[in-house]
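Asker: This is the feature table in TrEMBL:
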- A:6-25: transmembrane segment (TRANSMEM)
- A:37-58: transmembrane segment (TRANSMEM)
- A:64-84: transmembrane segment (TRANSMEM)
- A:96-115: transmembrane segment (TRANSMEM)
- A:135-161: transmembrane segment (TRANSMEM)
- A:189-209: transmembrane segment (TRANSMEM)
- A:221-238: transmembrane segment (TRANSMEM)
- A:245-265: transmembrane segment (TRANSMEM)
- A:271-289: transmembrane segment (TRANSMEM)
Amino acid sequence: MDLSAISATLLVASLMVAATPILLAALGELIVEKAGVLNLGVEGMMITGAICGFATAVETGNPVLGFAAAALGGAMLSLVFGVLTQIFLSNQVATGLALTLFGLGLSSLLGQGYVGIKPPSTARLDLGPLSDLPFVGRVVFGHDWVVYLSLFLVVATWYFLRRTRAGLKLRAVGESHHAAHALGLKVRAVRLCAIAFGGAMAGLGGAYLSLVRVPQWTEGMTAGAGWIALAIVVFSSWRPGGVLLGAYLFGGVTVLQLNLQAAGVALPVEYLSMSPYLITIAVLVVMSARGSKRSLGAPADLGKQFHATH
Amino acid sequence: MSLLLDLHGLTKAYPGVVANDDVSFEIARGQVHALLGENGAGKSTLVKMIYGLVRPDAGRMILDGDAHAPDSPLAARDAGVAMVFQHFSLFDALDVAENIALGMSDPSPMRDLAQRIRTVSRDYGLPLDPGRIVGDLSAGERQRVEIVRCLLQSPRLLIMDEPTSVLTPQEVEILFATLRKLAAEGTAILYISHKLEEIRALCDAATILRLGRVVGRCDPRDASASELAEMMVGSALAAPARPAHEPGETVLEVTDLSLPPAHAFGTPLRGIGFTLSKGEVLGIGGVAGNGQDELLAALSGERLSPPGSVRMGGRDLSRLAPEARRKLGLLAAPEERLGHAAAPDMSLTENALLSGHIRKGLARRGFIDWSKARHFARDVIAAFDVRTPNESVAARALSGGNLQKFVIGREILQAPDILVVNQPTWGVDASAAAAIRQALLDLAQGGAAVIVISQDLDELMEISDRFAALNEGRLSAPVPAASLDVERIGLMLGGAHDLEVAHDTGDGAGIFERTKMKQAAR
């Protein structure tokens, strides 16, 4: 094996690309869960976003429009979940799982005419001399705009949750919907908005896969990225910074195992491919063994049904 | 005093029940107005209408000369109405300042808010640190958060829904001082409670509700507690009858029962010993958190104790699980109704089955006899006047008092030889409480031995034959209740080993004062 074939520059740069879809989806799910809703349909919303974005970008030739369509598609699909769970009070876990299955089927249907087509490419931002710097230029200043958007959204999410009144209300709704209702907050409306935001973010993440990372359309191409996004939210203890860390860690392991495979490490491919998942499980076990539910930071009313009783 | 709020003909009906029927009364500025009534009398619905959570079907409200018809709590707050809820409307994971900001219509920026919280809370004698996480606060401190949240909005009308049910006597004193100060500044206070002594000590007007209607108005300072109770209940309350009897043979022997605390905030049990004889009611008093829950768990079998520490009729129970103890005739009803004594989301039948299946033979060879179980649940409902549409209703749907009657009744109808109950009448209205006490006495009359753990000294004085006090996990030697006076009990609660401390800190003395107040009320 030849480890020198692995270039640190390319490794870090591709790590950021690999992490971006799950970072986007996980940030969305973070907001959803902070509002007290457990949407297990991330995978379905991601793949729906992937095909909506892909199809729109191919038809219009404009990847930006593609991303917008992906966000819209993800949000629309998430609102199916929102209406079912918030207005018809269906079970969140069952509805979320159904949403995943529905999204996978819907995307296959929509994507029938798009297999094997190459989408218009999303250009790297040219930051002039900055991009020409050694290492840093390639790693920090050599990406497409979605990578920067995702990083900006990490900060924006943190600011929203910690520093704004709307963010405080969202956290309050997730913490105790009865208390929030008694204080006159609109629990359902807050949750529907959060769900739609989560769907839009998952859609963006999916479109990043189909338009930039892969880039082409195949059925089931998200391959579990939505589930990883869900795990990362827990891993992060419901903090935006933790989501960034988790997503990059995960992206890093994914990229590293690809590189190791390419370098011919004498380990069966299967072990390397399962390593990110094993690490996720290990981290989750360690985290929950370490503290109670509260110190983990889980919203107290996560996944609970809200029915105003007056 | 000038008129602040005028309620006229308020009516609100829910499917199957009229919660408020043509309710009218007036509240003046600076008045502390009591709203009295039993559970289910419609007090909560009425204040929810004033606070904009519920809209009346008919009637009108006039606040300070203007029509008051809030469609949300926000509108009510803007009109100068603030409310402290019975069940705290707080968010555990958020800090004090964030909790307060959430309840305000236009909060100032966080830094100014923290400063204002400090100032206001100090001015009213309710010190609060705005940066602390609410989940770490005691019940009394949590209530302060709610009160300060209201005070920051300088309300014209402050509604308090059963504010003292979770407070220690000292905290009640602080609360009353704050409320009197507020009233003196011109704020009207609508005070909901069914604790008559408190109302007599605090309020200067009272409206009494029964089954959604106004049945009386009075000045509580001039009325006796029993007059108020009679108006609330609609009939005179009979004090439980307790005929004298000779002590029977010893049925339960507890010797040197010591247990480490079950969790970080628990109390250890330290060398507890007592005997209990047939037909006897042993009352165990003490301030909350001195080992009551732990003692019940050790007796019921939830926690196993050192061999030989709990013996029933010569047989060692200390290593037996609850089911085995039930089989032998030792039953228990814990304090926490929802989640400990009853499974909230299961039906009354299922809840009856859970504790009664052994002694009532409700399951055979692992299969449930549903018709028998339903019968048993119906028997409990009928015998203890549990108000519920039927036995398939979820335990959660019952009011606290009704569920308590069900939980106690379920154990009593299993004909225990020994029954241990913790806080049997906590949060229960006067007539239900009297019924529960009478049932416990009847059980003892029938030859069973009963242990009543309670923080209500009047209750213990009323029904126990012997009395013992729990203090920091130690139990005093039981003494005949008839020989006790309030002073002696106060000293016992403070712990015989540190009498002076108890007096200095006002720990025992606080209860003692409060009991005196209650006695004076009689």
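Heads up, residue numbers simply count up from 1 along the chain you see.
The backbone N, Cα and C atoms fix where each Cβ goes, glycine too.
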Asker: Taking pairs 6 or more apart in sequence, does the count of Cβ pairs under 8 Å between the transmembrane segment (A:135-161) and the transmembrane segment (A:6-25) hit 3 or more?
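Answerer: In this chain the transmembrane segment (A:135-161) contacts the transmembrane segment (A:6-25) - 3 or more Cβ pairs sit under 8 Å.
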Asker: Based on Cβ pairs under 8 Å, which of the stretches A:37-58, A:64-84, A:189-209, A:221-238, A:245-265 lies most in contact with the transmembrane segment (A:96-115)?
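Answerer: Stretch with the highest Cβ contact count: A:37-58.
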Asker: Which residues, given as numbers and ranges, are at least 6 beyond the ends of the transmembrane segment (A:221-238) yet have a Cβ under 8 Å from it?
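Answerer: Beyond its ends, the transmembrane segment (A:221-238) has Cβ neighbours at 21-22, 25-26, 29-30, 33-34, 40-47, 50, 100, 202, 205-206, 209-210, 214, 245-247, 250, 276-277, 280, 283-284, 287, 296-299.
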Asker: Please determine whether the transmembrane segment (A:245-265) and the transmembrane segment (A:6-25) are in contact (criterion: at least three Cβ-Cβ distances under 8 Å, sequence separation 6 or more).
Answerer: yes
Asker: Taking residues 6+ outside the transmembrane segment (A:37-58), which of them lie with a CB under 8 Å of any CB in it?
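Answerer: Hits for the transmembrane segment (A:37-58): 21, 25, 28-29, 65-74, 77-78, 81, 85-86, 92-93, 95-104, 106-107, 110-111, 114, 117, 119-120, 174, 191, 194-195, 198-199, 202-207, 209-211, 217, 220-222, 224-227, 229-230, 302-303.
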